[in-house]
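Let me begin by presenting the structure, written as structure tokens, before commenting on it.
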Amino acid sequence: ETRYEKFLRQHVDYPKSSAPDSRTYCNQMMQRRGMTSPVCKFTNTFVHASAASITTVCGSGGTPASGDLRDSNASFALTTCRLQGGSQTPNCPYNADASTQRIRIACVGGLPVHYDKSI
């Protein structure tokens, strides 16, 4: 798995997978995308946009932040999943927070390889 492929697996869900509610969405997606074993990932953000539109942030769709980091010019639909306090694997229960914000990502070779934060 390349760094770009890992970025896609962990952070891109487009079109957004259906779930009865946002908490169920996070619980299902975190498991489905392999982020609950061997340990539960504490927090993770899914971007509901195509890989191509996110990749534009690495070029004309973004502005340099620091190092390899770039800030998106446009806002994206996001779902941020946060592990509920004191939870242990394998039952990683997540809280969910939906928002529309700009994103800060790291790019290498013109491809996104790391999600830094929403801004």
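Backbone N, Cα and C define each Cβ position, glycine as well.
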Looking at the substrate binding annotation from Swiss-Prot, with LYS6, ARG9, LYS41, PHE42, THR43, ASN44, THR45 already listed, which candidate in ARG70, ARG82, ARG102 is the matching residue? ARG82
Could you pull the disulfide partner of CYS26 out of CYS58, CYS81, CYS92, going by Swiss-Prot? CYS81
So CYS107 is in a disulfide according to Swiss-Prot. Which of these is its partner: CYS40, CYS58? CYS58
Go through THR43, THR45, the listed binding-site residues, and name the one with the sparsest Cβ surroundings, counting other Cβ atoms within 10 Å. THR43
Neighbour tally for ASN44 (substrate binding site), based on other Cβ positions within 10 Å of its Cβ: 20
